[in-house]
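Engineer: Provided herewith is a single structure, encoded as structure tokens, for subsequent inquiry.
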Amino acid sequence: MTSQPFDYPTANLSTTWVNSVSIIHSVDFSDGSKVRAILLRETLGPKYACGFYCNGNCESYIFAIFIVQINSISQITSPAIGFPQVVWSANRSKLVKINSTLQLTSGGDLVLRGVDGTLSWSTNTTGKSVVGLSLTVEGNLVLFDSKNGIVWQSFNHPNDALVPGQNGLNSSSGDCYLPSEIFSLANNEKNRKRTFHLRHQIGIAIFIFWKKRKASEDEEDFLDHVSGMPTRFSYDDLKAATENFTKKLGEGGFGSVFEGCLVNEKKIAVKCLDGIGQVKKSFLVEVETIGSIHHANLVQLIGFCTEKSHRLLIYEFMTSGSLEKWIYHGK
């Protein structure tokens, strides 16, 4: 059975989707990412959708839930900045390629397979009375039974970001990270709408996890395959952008901040972390400080560099004050 129309928020058993250009709502974005959406909730504005996602050379894909901009006729648009944003992914450790398949089987299992049929990911819900698949308004992917009871839900398996309505944060390392310290909430006093700075959230969370990796080669390979990661810059690119780190904005206990400009003329602030031994401590300071700032114009993490002994964070440039001022004098 072929896939259902895109603007359905639910899918029936025995439905199959193929990751190919035949999916009607396939959109390419200016940052190099692509989405091939299969389910969507609501229209007009930033909304949740799910489907296949890739970033970069797009030789490999993940099955994910992401935020995209929708117009009034249920079409995904490609704005200048900010989209798409991955909030959940199924198969980060086992990516799939073009022509891979996602199937909601007759037995109620949601299964992702590679082109050769190799299992990449599954909900393991065969025989559990599943009758359908649904994407909720809150961005929760749900397998439900005939009484609309939840059999399986993505909210129980957080990985890329926590979204409103989702509970808990699980970590296989055994450590406990307070969401209030990791996630930043901006409050717009004019309309009281809460805006989650997802890229900053993901960047901080991934860097904390990255510090746990012991082998440098393994950690670099891991970062290359994590979905929703901010842009990765080379050290040479950042040397050029900052004119060899000559425009210092300031410095603190764990590194200096330099002004720079990307090739697209976007101004940036580059934080250089001093010393491998200081990486963990400096990241905790960044998290604690930025997490305590409640400001509508919260500084955004847009990229990073991890190359040999170099560890750098790239932030948007704040016209109202240097990044160094926020990091070390914000409290």
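One is the number of the first residue shown, and numbering goes on along the chain from there.
Backbone N, Cα and C define each Cβ position, glycine as well.
Small disclaimer: the values here were computed from a predicted structure and weren't measured.
Sharing the features that TrEMBL gives for it:
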type: BINDING; residues: Lys271; note: ATP binding site
type: DOMAIN; residues: 29-156; note: domain 'Bulb-type lectin'
type: DOMAIN; residues: 243-331; note: domain 'Protein kinase'
Engineer: Tell me, how many other CB atoms lie within 10 A of the CB of the residue listed as 'ATP binding site', whichever protein chain they belong to?
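Structural biologist: The residue listed as 'ATP binding site' is surrounded by 24 other Cβ atoms within 10 Å.
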Engineer: Using DSSP, how many residues in the domain 'Bulb-type lectin' (29-156) fall into helix, strand and coil?
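Structural biologist: Computed counts for the domain 'Bulb-type lectin' (29-156) are 3 helix, 59 strand, 66 coil.
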